[in-house]
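Engineer: Next up is a structure, given as structure tokens.
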Amino acid sequence: MPYQYPALTPEQKKELSDIAHRIVAPGKGILAADESTGSIAKRLQSIGTENTEENRRFYRQLLLTADDRVNPCIGGVILFHETLYQKADDGRPFPQVIKSKGGVVGIKVDKGVVPLAGTNGETTTQGLDGLSERCAQYKKDGADFAKWRCVLKIGEHTPSALAIMENANVLARYASICQQNGIVPIVEPEILPDGDHDLKRCQYVTEKVLAAVYKALSDHHIYLEGTLLKPNMVTPGHACTQKFSHEEIVMATVTALRRTVPPAVTGITFLSGGQSEEEASINLNAINKCPLLKPWALTFSYGRALQASALKAWGGKKENLKAAQEEYVKRALANSLACQGKYTPSGQAGAAASESLFVSNHAY
């Protein structure tokens, strides 16, 4: 029988559980603003804006200083390393800005995906080296939760057993290191929407991946009440010719989660996976209205699905600040309602809100 050496004190556990609950309090979700310098370059390029440190700071400030209507909608914000140490125009560090609006500060801690030798183009995620020291420093600098993204692809022979096992293990090591440092880990095993697979295949793979992840978290003695899961919704591949209804997507998603995610997990914060802003809100709303028993908070951790319209409205011009913030507030309010199952699409979504945000082989 394995013997359990106490990994966390009752005080540490309470702190982690409290942080997780604050992030996914009713009506709240996460703004993922942790695009790496390379990823934000693509976003800025799409609006003809240069990728300078000042433009990145100004754009992040635009989101973080939106008016108080977003306060009841955003429980946490995930930042990239650079952004954690930037300041608003009034001199306040961004973590202070987030906390003043009732949000919890998060930080992306992985160092990106790398090829997994001996597989057909599959990957694992690097960044465990020195992670404990980085977490200790981030905690001092105001961060209370972290994110680590692993990526799996559906193909004829993928994901392989090796890729599933390796990524589950690396997520568990990351989660363990975070919890030792008082940081709530968001566990993100993203199954990419690339491919022509149907809904059933995605559901099957999602179940296998999540089962492996929670087995690894158990093996590594992770305190589940002090974690959040960031999964993909179960959807058909982008190249799948068969169309599936919102209801089918919802049933497949909730069923997969019910079969694999322990009720002890505090919250599930979905990634948008290249869905349009409107689609991401509609699906999240439908998931929350699903009549099956769902013991966790089911909310959002959206990047592009909260930012696309705001980015377009800003267009890199300072005079468009208010218009851009208005677009961001709109999406935040929509998703706040959606995570409570109270969202009714107005049918007036702008062009940007209905535009697919799919990028093949998406890397942060």
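Using the three backbone atoms N, Cα and C, a Cβ is placed for every residue, glycine included.
Pasting the feature list from Swiss-Prot:
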type     : residues : note
ACT_SITE : Glu188   : active site, proton acceptor
ACT_SITE : Lys230   : active site, schiff-base intermediate with dihydroxyacetone-P
CROSSLNK : Lys42    : SUMO1 cross-link
MOD_RES  : Tyr5     : phosphotyrosine
MOD_RES  : Ser36    : phosphoserine
MOD_RES  : Ser39    : phosphoserine
MOD_RES  : Ser46    : phosphoserine
MOD_RES  : Ser132   : phosphoserine
MOD_RES  : Ser272   : phosphoserine
Engineer: Fewest other CB within 10 angstroms, which one of the recorded positions Lys42, Lys230?
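Structural biologist: Among the recorded positions Lys42, Lys230, the lowest count of other Cβ atoms within 10 Å belongs to Lys42.
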Engineer: When a 10 Å sphere is centred on the Cβ of Ser36 (phosphoserine), how many other Cβ atoms does it contain?
Structural biologist: 16
Engineer: Name the residue among the modified residues Ser39, Ser46, Ser132, Ser272 whose Cβ has the smallest number of other Cβ atoms within 10 Å.
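Structural biologist: Ranked by other Cβ atoms within 10 Å, the modified residues Ser39, Ser46, Ser132, Ser272 bottom out at Ser46.
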Engineer: Of the recorded positions Tyr5, Ser39, Ser46, Lys230, which one has its Cα closest to the Cα of Ser132 (phosphoserine)?
Structural biologist: Tyr5
Engineer: Out of Tyr5, Glu188, which has the highest number of nearby Cβ atoms, where nearby means within 10 Å of its Cβ, if these are the recorded positions?
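Structural biologist: Within the set of recorded positions, the most crowded position is Glu188.
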Engineer: In the three-state scheme derived from DSSP, which category covers the residue listed as 'active site, proton acceptor'?
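Structural biologist: The three-state answer is strand.
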Engineer: At the level of the C-alpha atoms, what whole-angstrom distance separates Ser39 (phosphoserine) and Ser46 (phosphoserine)?
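Structural biologist: Given the Cα positions, Ser39 (phosphoserine) is 11 Å from Ser46 (phosphoserine).
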Engineer: Compare the C-alpha of Ser272 (phosphoserine) with the C-alpha of each of the recorded positions Ser36, Lys42, Lys230, and give the closest one.
Structural biologist: Lys230
Engineer: Considering only the recorded positions Tyr5, Ser36, Glu188, Lys230, which residue has the minimal Cα-Cα separation from the residue listed as 'SUMO1 cross-link'?
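Structural biologist: Of all the candidates listed, Ser36 is nearest in space.
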